[in-house]
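Per Swiss-Prot, the features are:
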- 1-21: signal peptide (SIGNAL)
- CYS31-CYS46: disulfide bond (DISULFID)
- CYS38-CYS51: disulfide bond (DISULFID)
- CYS45-CYS58: disulfide bond (DISULFID)
- PRO63: proline amide (MOD_RES)
Amino acid sequence: MKTSALFVIFGLVLLFCNSFAAELKTTGRGCGGLMAGCDGKSTFCCSGYNCSPTWKWCVYARPGRR
């Protein structure tokens, strides 16, 4: 019983990871959303976000923020 439950959970996780990878591949976004990695040279943030110089990920653009 425990083994079959583990197989079901493992199968659901595998299905989720596969669908997430397929969705990421089809969107092919050239810019990063919230908390996406960026460096300001080769990877950029979408409009409404700025690349944090400290953490190197996209954060919400706020007035008065660099």
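Quick reminder: no glycine exception, Cβ is built from N, Cα and C everywhere.
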What is the separation, in Å, between the Cα atoms of CYS31 (disulfide bond) and CYS58 (disulfide bond)?
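So the alpha carbons of CYS31 (disulfide bond) and CYS58 (disulfide bond) sit roughly 10 Å from each other.
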Long-range same-chain neighbours of CYS38 (disulfide bond), Cβ under 8 Å, sequence gap at least 6?
GLY32, PHE44, CYS45, CYS51, LYS56, TRP57, CYS58
Report, as a single number, how many Cβ atoms besides its own are within 10 Å of the Cβ of PRO63 (proline amide).
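Cβ-Cβ neighbours of PRO63 (proline amide) within 10 Å number 4.
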I want to verify one value. Collapsing DSSP to three states, which class is CYS38 (disulfide bond)?
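Reduced to three states, the DSSP call for CYS38 (disulfide bond) is coil.
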Taking the Cα atoms as reference points, how far is CYS46 (disulfide bond) from the residue listed as 'proline amide' in Å?
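One finds 17 Å between the Cα atoms of these residues.
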Can you see whether DSSP assigns PRO63 (proline amide) to helix, strand or coil?
coil
